[in-house]
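Here is the structure we will look at.
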């Protein structure tokens, strides 16, 4: 038996991985043999043993229970101690005054990864490494101290832009083999660019603009084969431009340097704006391209982001800090720690830190981990970046997939993709190498409330053939929309863009898939908002091609926000006759516009053409109707399609669909769901899977089209 003398229960407080037992439990009971005592004799069998198992004494139950409960508590959150030491050494080595240091909270909190986290630091998912350092506009000065950043071997993003850093290109950066984005623009770095760039093969975005680098462009840049964006503008670089190759390069800016000579062949695909402010020549055989705007224009004064350096986190809860004071609370502590751990995981996926500054202000932002798993359009997937209550904010519908604020968006390397009825579209490369399309709207007639309600409807629509609205920004002077970038551009550009040796014409199969995808997207749009949603601006420049080569419809929901007269005047050739009269689009007018789009795919012609020295306007719909009435149906089709054999029947069937869609009477036009079904039949016919139907001859088919043309003209 245990000694029955009373003993103090002792201290039962426990922490994860440690249990403090009472002193009397650490001692051996008297009934057990000591090391210097002989073993006890076995008990006599004169008394039958009990058949009931011995119950542990009640005094043992509480410590055993606590031992079990403490084992449930998760271990302390890991921290990247080596990376933290490197960051502190980096900060200590800079020539900063009290103000820049006050904006960085690294000395105020011991936890770099757990909320609230360190200013500008992003950790890996398991919180064992630092993967991004984002410290723009914090007034950092001096040289980058050696042997500091080089120790951050898992770093993928480094942004020190808009500070006062100086000296040569930091050698530490050359050791960061995992680095994908490097942003040192708007500092005072000087000297020659390094020739040894072999360690930066993972780099996708390199921005060294607005510094004082000089000397020649290093040929070693050609080793950065994954580079997507290169901005070396506004330096003092001189000499000739080497033939860099760089097949993945999408954005280039070498403007405002002292470069001379001929532009190498591999870079001739970029516009004149990329080389402006130098003494460079294209050569007589290469005409210059229309110059795009190299960067998004700076925001007006009313759009200036807040200058406060204080970190904000949307939806952030207070950090759980409970000291375990007694064993009775052990279970509650374990549960609370578990919930806090799970809650941090959720916040990392849906919240953003907002901080953006104008010139010289702090930009304090702890980047999201850039997970590529978007939430599927539920209201819970929306995240907001901006100053709470000011109304000027970026609203995200795909929070986890994107991580940027207004400052990032407006400072991004960008080029003009085109100007449409509703505004100008830019291709912007963000700091993490994400490429997006930013549409800057103009002539918006809707107020804030109507605009935001419409964007809420659009932001919830998710379909493979509808270009997703990823985010929007609204202020009095600026309205921005953010979409995914489609590398091949719009169908209008594919049909009517430059024609030369490097042009890839659309074959018949591609055109059918584009038409089918766009039809599916429009049909889905018409089911939204209780079947009342209208696109209102369907045209080839708003149709893109997804990774499966099917068409995707863009610019959804914008027509109702714009001045109707302006929008209609810029969509000539696509507008249904009744829209010209009533100024109001409908699902039936969407069908008409889609019919014009099919005719565009079939003929390769624009919906409106100027002929006769600019004195005559030819509408595609009327031209096709007149050609069909004259029994010259074969003259309708694009000459590029006539080279493909055995597609005449499918082309005629698609022409029949188009003529039905452009019927002058709205009631005669089919529904989009019926259009989808009919095009799917054509698609199955093309692939040889459609059931055989009654044979028809070209004469019969032409007669059917003439009949459709006659009814469409009515």
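Quick reminder: no glycine exception, Cβ is built from N, Cα and C everywhere.
Automatic, uncurated: that is what TrEMBL annotation is.
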247-278, 279-310, 311-342, 407-438 - the range that TrEMBL marks as region 'Disordered': 279-310
Range annotated as region 'Disordered' in TrEMBL, from 651-682, 683-714: 683-714
Cβ packing number for residue 439 (ATP binding site), 10 Å threshold: 22
